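These notes concern the structure reproduced below.
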Amino acid sequence: MNYYLFLPISALIINTLLISYVFARRFRSAVIRDFLRFVLFLNLWLVSYILYWSMLPPEWMTPIFKLSCFTWIPVGLLFLETVHRFLNIRSTILLPFFRFSVVLTIFLTASTDWIIKGSILYDWGYELEPGILFVPFSTIAVSGPAIWGLYLLLKERFRTKQRKIRQQLNFWIWGTTIALGISAYTELFNLDEQGRFLFVPLSPAAISIQAFFIFIAITRYGFLNISLERIAVELFRDIHDGIILTKENHEFFFANQAAIAILDGSPSREGLFKPDWHFANYREEQDHIPRDYQLLNNSALQFIELTVSEIRITENESGTLYLLRDITEKKAAQEKIHQLYSQIVNDLEIARVTQASIITQKFPDKGSYRIHSFFQPIDKVGGDMLRVIEHPERVDILFADVSGHGIASAMVGGMLSIAFQIVSDKKLSPKESLSEIHEMLSKVVLHHHISAVYASFYPKENRVRFSYAGHHPMLVFRGGKIHPLEGEGRILLAVKELHLNDYHFDLQTSDRLLFYSDGLYEVKNNVGEIFGYEEFLNWIQGMADRDTRSLLEAAHRKALEFGNGKHNDDLAMLALEIGP
């Protein structure tokens, strides 16, 4: 039995236990991942050593040495990768160089005799016979990364002021130093005059000692929590918002340049940072909602949005992160927006009053006819317009809908009202009146169009003459039934050439002529369904026996009920009721 196999087998068992323990704890981080990869390749190297010392047939050994080179050549590089990840540093030259060297060395080892040219039998098993390039390539690809990693650890050890980080680094440094020392002694100085080993080389066992020391650093100090001072600089130095980190009991830890600039100096006093030293009326809150504070000790008025969050510094230590954002300009902009909003509300109120003045809402009771109406815009002001002008022998009615909503549509409605006033005095036919309005407004209204019905009622004849411009039909209520007054005509201001027609209808005593806006039947419910024109006609047919005022109120209520209290367009109705 080969008792020397106890060395690689015991080292393999120890490394496997390390890997199992890490996986059992379910810790996941980039550093842990790199450490596990390093130990995994070390295990593969130990398996290779078990093969080397298992006294296999001699003709197998040289191919085994060459094919298994991928298990030990990358070990130094993987250690360096773990160091880089732990220290959170980047390398644009050396690390890529070592990676290339490892790949090249593996390729040359497997394909030529320059690195490994054969195998030599010893009491404990077989060792490789080095080729002419073994020493320089193994030094560069295997020893070089390990030595450079040790240098980086030593540099960080003397640079950092964090006690726990220094203690963690001590384990790395001691483990690496012991591993390199044992490996160098047993590989370089353990030779006789013929270059043969005097006793068994201990490189894999030595590196297992290194892995064990790193494992102690992991388990004792929170599974490789990397230097927060360094990661804070890397993560927060380019952030425009201020970042302040504190440990427990307000012990100051880190502040980026943005925070120093915002506070106009160092945030700490005697090694502490307390927010109430810098922010007016600061209170400790349980939530993490950003809050606005005025900055103290500042000649100019300055406001800061402060967000406070608890963070985990190590497995056993927590801290606080303060995020500072200068919102002075935002506050000033909000004040301007508030002033502008107040002005807009004022303007809307003025526009509402103005629109109310140009929309006819009160009508005299003439005996031979009566007029009823209601108007509710979607906003303070709307695009629907209804106006009635009485002349000695006739009554002119304009019922129109300007595209869009809000102030712009209301302004067009105002111009439409003025145009209607001018045209009504000319005593033209409804068709000619709409054409005249179109000509007057087409030069000044460029981005709106108007659907309208122009009606002239002659009380002595009980006759109504009318013309449509893209508007839906008026309704006549007679004998408990409704009769749409059909007609056609192109919408105003949409195209240059109009196509309009004059129509007339003879009314009878007790007839009612109803004008209504499309908002009454295009209203949507909470699932987006539209009430619909046909449904509206069916519903209003059932209301035909009601008196006029009750009918208008019911139609208004129906639209709001279907829309669950909301309407997506202006609501307007006007009814001309023929008296006895």
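Glycine is treated like the rest: Cβ placed from N, Cα and C.
Here is what TrEMBL says about this protein:
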| type | residues | note |
| --- | --- | --- |
| DOMAIN | 364-578 | domain 'PPM-type phosphatase' |
| TRANSMEM | 6-23 | transmembrane segment |
| TRANSMEM | 35-54 | transmembrane segment |
| TRANSMEM | 60-80 | transmembrane segment |
| TRANSMEM | 92-111 | transmembrane segment |
| TRANSMEM | 131-154 | transmembrane segment |
| TRANSMEM | 169-186 | transmembrane segment |
| TRANSMEM | 198-218 | transmembrane segment |
Spatial neighbours of the transmembrane segment (35-54) not adjacent in sequence (6+ beyond its ends, CB under 8 Å) are 2, 4-5, 7-9, 11-12, 15-16, 18-19, 22, 61, 64-65, 68, 71-72, 74-75, 78-79, 81-82, 124-127, 204, 207-208, 211, 214, 218, 224
Spatial neighbours of the transmembrane segment (60-80) not adjacent in sequence (6+ beyond its ends, CB under 8 Å) are 34, 37-38, 41-42, 44-45, 47-48, 51-52, 95, 98-99, 102, 105-106, 109-110, 115-119, 126, 128, 138, 141-146, 148-149, 176, 204, 207, 210
Rounded mean pLDDT within the domain 'PPM-type phosphatase' (364-578) lands at 88
If one takes Cβ-Cβ under 8 Å and requires six or more residues beyond its ends, the residues near the transmembrane segment (6-23) are 32, 35-36, 39-40, 42-43, 46-47, 49-50, 53, 200, 202, 204-205, 208, 211-212, 215, 218-219
